[in-house]
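Have a look at the structure below, then the notes.
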């Protein structure tokens, strides 16, 4: 939470210039403290619906132990749902009409499964664009996760994602490339982020539209960037919300696809994710699966209990720090009325009053 500059101590101004969160005393005296309302547009398929809720709810809830958060999950009617997923949505989710009527302080938009080479052909394309446009006009800041980053870059900026040729899959080292921005204030200057994607939006594509890249990787490319105003759109290409076992679950799914004949080659191990012991266990399991396939006998199950305790999480603390900075800035600049994006005096074109 922010410091209050209640005196002329030069340290306050120094910290503010370094990107720290410092409130002017006159504003702090009149600040109306309230809970924040954060929307979660969950576009994930049924099998990942609840897990994605937990990941993002946990990321928000653990990032700040003082503020109170009301989470408002909703989805798009155009996304295909089975009976179980539809029942979950109908019972627990709000409608976009309700979201628009009551307002949000901030919005998180998840990724989604895709089947078309052009995102504009996906069933979520037009309704997602409607949500993003509404949020741009009515919400303090919107955080776009992976696939949504690609969709917004295409719909809003005309930049199509590009196929990498091979899947980027694993945990990769990243570096903060602009330490002055408030979103990365106090964050480790080097940290890990999981990635799981075939496609990429490059640094050059962000730069063409004066979008500011804050965190990137030599191997994985851009992870964190922001819109030209510095805050109203926040772009992730990685998956900082992932649990320690998320990549293991993805690996298990790909192994099952191999077993069922849905892919020809056995899946590779995620990069920089597994300890030597865990990698050895999975290599032995691969040999047993391939032998079972040759003999046409049932394949052995993935030995998850042996693996879970051998998985390191090298990204969660930094993810919490970035999200905490995001929430802290939303808290400072949002209006008391959550149907209005900014408090009086905040310039929507430069809400952070931050100079690039």
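Cβ atoms here come from the backbone N, Cα and C positions, even for glycine.
Annotated in Swiss-Prot:
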type     : residues      : note
SITE     : 113           : site 'Important for acyl-CoA specificity'
ACT_SITE : 146           : active site, acyl-thioester intermediate
SITE     : 147           : site 'Important for acyl-CoA specificity'
BINDING  : 167, 196, 253 : substrate binding site
SITE     : 196           : site 'Important for substrate specificity'
ACT_SITE : 239           : active site, proton acceptor
ACT_SITE : 241           : active site
- Task: Grab the substrate binding residues from the record (167, 196, 253) and give me their largest CA-CA distance in Å.
- Result: 15
- Entry from the binding-site residues list 167, 253 having the most other CB atoms no farther than 10 A: 167
- Within 10 Å of residue 113 (site 'Important for acyl-CoA specificity') by C-alpha distance: pick out those among the recorded positions 147, 239, 253, and say none if nothing qualifies. 147
- On a count of neighbouring CB atoms within 10 A, which of the recorded positions 113, 196 is highest? 196
- Item | DSSP-derived structure type at residue 253 (substrate binding site), helix or strand or else coil | helix
- Tertiary neighbours of residue 239 (active site, proton acceptor) (same chain, Cβ under 8 Å, six or more apart): 145, 146, 193, 194, 195, 196, 246
- Message: According to DSSP, collapsed to three classes, what secondary structure does residue 167 (substrate binding site) have?
- Response: strand
- Item | the residue listed as 'active site' versus residue 147 (site 'Important for acyl-CoA specificity') - Cα distance in angstrom | 14
